[in-house]
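See structure below.
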Amino acid sequence: MAQKENTYPWPYGRQTAQSGLNILPQRVLRKEAVTPSALVLMSRSNTQPTAAPGQKVVENSSGTPNFSTRSFTIDDFEIGRPLGKGKFGNVYLAREKKSHFIVALKVLFKSQIEKEGVEHQLRREIEIQAHLQHPNILRLYNYFYDRRRIYLILEYAPRGELYKELQKCRTFDEQRTATIMEELADALIYCHGKKVIHRDIKPENLLLGLQGELKIADFGWSVHAPSLRRKTMCGTLDYLPPEMIEGRTHNEKVDLWCIGVLCYELLVGNPPFESASHNETYRRIGKVDLKFPPSVPAGAQDLISKLLKHNPSDRLPLAQVSAHPWVRAHSRRVLPPSAPQSVP
């Protein structure tokens, strides 16, 4: 018989609700690319949620069952194939039994989380991601736990990691890169408006939805900072901005640097400051030693150069990223912006 979930207090620090999100890294896992069977499963399930006999399915305006007000146990899910494996646990394709809604169930082992001392990162990921709702941000619907494991109920991104797609293609064309830049800019405008800094934008932390739309994931390094000023080192070396490697106070403008690095990597196939040693990478970042191969279009060079500025206050604002002539000329965004944008 399955262990009974949700009878034990949150094991890390102050107590948190045992299940439900209406009370309020380490890279953990990777997701595989979509398979035909998964697409069929989604088309049969997520487009037409059905209820168990005598059970009404409550949906929100987006057609997603309202998971945030329910308590869950592992017995509420049919578990499918693994989507990814990591040092803290695994991610599985899963279907909630009452609604037949397809999700990605991230199963984390408490022992591993405690061993690595990343309890605070997990808590931060849950508290931040659960309260973000944007078409280009991966949803965290709810969580629950038992004696040994913590379960995160996540939106399923059928086309998997942007990182794996980039590995397969080597580089992206202007249309795809510009579309990603517009999606990222819109999602980060939303995050920054809620005083959330992601701090770890990179291909491994970006997923692709059913129509290829971008989904920002992995908020383990992100922070909800009302002051929007931090001084801790985090993120991935190739994507770290000068103010972080120099130990200076940083704010939400670190994300502007990150999307500049990402834009370069998508078009070129490697990050702009990648070097044979960490010390050389640090040196190149500090000097903003930016060199473009001839293959990078002039418009993209202009955008990247305006984002990769040593002084954070000189970096191009997100609204101007969306409105940049190169982005406007090439972006073919699938989903509409979350709100009208204006260029300051």
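Backbone N, Cα and C define each Cβ position, glycine as well.
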Let me know which member of LYS98, LYS106, LYS110 Swiss-Prot also records as binding ATP at the site of LEU83, GLY84, LYS85, GLY86, LYS87, PHE88, GLY89, ASN90, VAL91. LYS106
When the Cα of THR64 (phosphothreonine) is compared with the Cα of each of the binding-site residues LYS85, LYS87, VAL91, which one is closest? VAL91
Cβ atoms other than its own within 10 Å of the Cβ of LEU83 (ATP binding site), all chains, total 25
Given the recorded positions LYS85, GLY89, VAL91, ASP200, find the one whose Cα is closest in space to the Cα of LYS215 (N6-acetyllysine). ASP200
To the nearest whole angstrom, what is the C-alpha distance linking LYS85 (ATP binding site) and ASP200 (active site, proton acceptor)? 20
Quick one: give me the count of other CB atoms within 10 A of the CB of VAL91 (ATP binding site). 23
CA pair LEU83 (ATP binding site) / ASP200 (active site, proton acceptor), Å rounded to integer, equals 22
